[in-house]
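Chemist: Residues or ranges marked as disulfide bond by Swiss-Prot on the basis of similarity to another entry: C27-C35, C42-C71, C77-C96. Annotated domain 'UPAR/Ly6' per Swiss-Prot: 22-116, in sequence order. Taken from Swiss-Prot, the feature O-linked glycosylation site covers T40, T41, and the record attributes it to sequence analysis. What Swiss-Prot records for S104 is GPI-anchor amidated serine. Feature annotation from Swiss-Prot assigns signal peptide to 1-19.
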Amino acid sequence: MKPQFVGILLSSLLGAALGNRMRCYNCGGSPSSSCKEAVTTCGEGRPQPGLEQIKLPGNPPVTLIHQHPACVAAHHCNQVETESVGDVTYPAHRDCYLGDLCNSAVASHVAPAGILAAAATALTCLLPGLWSG
């Protein structure tokens with residue numbers, strides 16, 4: 001095999017392996033901690049947690065929203081569980097975010113788009129050399 005082809009193949013495999021992992025802000029669970037400064041890379045099968053919506057019964061019913069601070073296992077996503085506080089039971093809906101750094105109020109999608117553009121440019125420059133002999 002040509003060395004250029006092997007390089008492209010290895011780069012593609014590395015990009016695919018790392019490209020599936022997302023980053024999330026790790027707030028540490030503390031309201032005073034700065035989420036913008038602590039970034040964690042979520043492992044495969046561990047998407048970013050989303051908002052937990054807790055609907056409390058009453059007149060009128062109340063919905064509490066809680067944002068989880070870090071990556072979670074995929075089986076915890078999109079779940080509805082029953083939680084109890086004293087004599088009151090209520091449903092808790094847990095969803096997960098999809099996308100890089102999306103557990104923030106301002107999601108960042110520039111990095112993945114930039115990586116794709118750079119990869120497309122590199123392939124455009126390198127592929128003609130493979131067929132030129």
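Placed from the backbone N, Cα and C atoms, the Cβ positions cover glycine too.
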Chemist: Among all the protein chains here, how many other CB atoms are within 10 A of the CB of C77 (disulfide bond)?
Modeler: 17
Chemist: In whole Å, note down how far the CA of C96 (disulfide bond) lies from the CA of T41 (O-linked glycosylation site).
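Modeler: Cα-Cα, rounded: 15 Å.
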Chemist: Where does the mean pLDDT land for the domain 'UPAR/Ly6' (22-116)?
Modeler: 66
Chemist: At the Cα level, what's the spacing in Å between C96 (disulfide bond) and T40 (O-linked glycosylation site), rounded?
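Modeler: The separation of the Cα atoms works out to 16 Å.
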Chemist: Which of the three DSSP-derived classes (helix, strand, coil) applies to T41 (O-linked glycosylation site)?
Modeler: strand
Chemist: Rounded to a whole number, how many Å is the Cα of C42 (disulfide bond) away from the Cα of C77 (disulfide bond)?
Modeler: 14
Chemist: Just to be sure I understand the packing, how many Cβ atoms besides its own are within 10 Å of the Cβ of C96 (disulfide bond)?
Modeler: 22
Chemist: Which whole-number value in Å describes the distance between the Cα atoms of T40 (O-linked glycosylation site) and C77 (disulfide bond)?
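Modeler: If we compare the Cα positions of T40 (O-linked glycosylation site) and C77 (disulfide bond), the gap is 18 Å.
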